[in-house]
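Data block below; observations after.
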């Protein structure tokens, strides 16, 4: 669906999981068939976002816009969360044709030829001097859940939030090497986020790009010899490498960051993102046992299992490093997805059945839980079938409503938070923010039943109602939203590709994509068994701002 506006003609971007339609292999060009509309939206945004719509009552942006000539080419990288195996961006043959270069004209550097951000270079402003941390910021050492800093918000709303430059700062450790798992990359921008003293330290990029997209990614890295690549295996059609994680190896120890942001500037600018930052894990004494350094949540075992699923030689040294560190302080559970078809006990290793297993084993039934709504919040929506019984209510809702070992399966309300057109129009970015909210009109028309679940985005408590969400969160809340039975922050959107789907009369689990998140359960944060997280009482359907809990932390039930 296209619409004309002052930004030009823009296209609602595609969803991630239209697996009922035949699509070409990733990296191949199409003609006359379904095109990757997410990339079209991004390319249109690059050309037309010099004067985006601004919400009239939002705070004025600090700083001055950069005086940099806009790149004449469209932005070729897709920032969709799931592209279902579609081509990321256009093929090289589809890019705008340029006039033959003048032989006397000096060839620009490769860095200036990289695809610009989806907004075009003139859109961004320089953040004020005090935007980034010059000293160790106040950290939530209990829950270690953080939002990102958003340019243009009042300073109070960025207190306690983190930018990527803060994460990579020497304040957190003396970096030796790092790994960046992600979906979308701007290599030159990423390298600049490392402090100057760490900027030439080895970086391994774990990605899922193929063919032309892979060639573009490698070309971006040409000026940076310290950057290496590891290509994730995507053997099932329509899958993506969507995991967003940093592994940071310091002289002082090791750290894991699991987050929702791509490695492009747009994702760290005026969108709402979330992350879990681990403690600094110390090195174990030599000759420690294989089980040493494990946490009560078995985070170390699960992280090693997740990395092993890549079957990648490039990750072997990192697997060994993790084995040599003490991860025992970790209180969250790892919930991951890796591509494959799983049977027997392996069905509960990945995807939503992994989440179901954890909720079954580590939570307890709650009196009146039939009135405790399930809340899902995401930035992309896939194809889920002609009615809710096909997947959403048939298996996914059963996972989200699991509380302990009770055989009772109540049918509580299910609220799905997704930005409305008005949310996008009045956002800090204006209509182009929709380029990061893929839900194609073709998919939407097939599942009109889903609209009855929708609630619009609102995050007043954190000042982010006009910072469109790229964060993905799922939770179970009390009727008055003052308690949470559990909370999950993840890269996984609302799709079968991300969460997996049952096959063969429920005897097989099929997962298409790589995803990763962390699950917060009250039982891991209090010493007397299960309970609930207490929050400040929130307005109905408020997103993300109910976590982390307030100073009372948890409540026993």
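Cβ atoms here come from the backbone N, Cα and C positions, even for glycine.
Note that the structure is predicted; figures quoted are calculated from it, not measured.
Features of the protein shown, as given by TrEMBL:
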ACT_SITE  242  active site, nucleophile
ACT_SITE  470  active site, proton donor/acceptor
BINDING   244, 472  substrate binding site
COMPBIAS  27-38  compositional bias 'Polar residues'
COMPBIAS  86-97  compositional bias 'Basic and acidic residues'
SITE      495  site 'Interaction with DNA'
Residue with minimal Cβ packing [other Cβ atoms within 10 Å] among the recorded positions 242, 472: 472
Cβ neighbour count within 10 Å of residue 244 (substrate binding site): 28
Pairwise Cα distance for the residue listed as 'active site, nucleophile'/residue 472 (substrate binding site) [Å, integer]: 12
Among 244, 470, 472, which are recorded as recorded positions, the nearest neighbour of residue 495 (site 'Interaction with DNA') by Cα: 472
Residue 244 (substrate binding site) to residue 470 (active site, proton donor/acceptor) - Cα separation in whole Å: 12
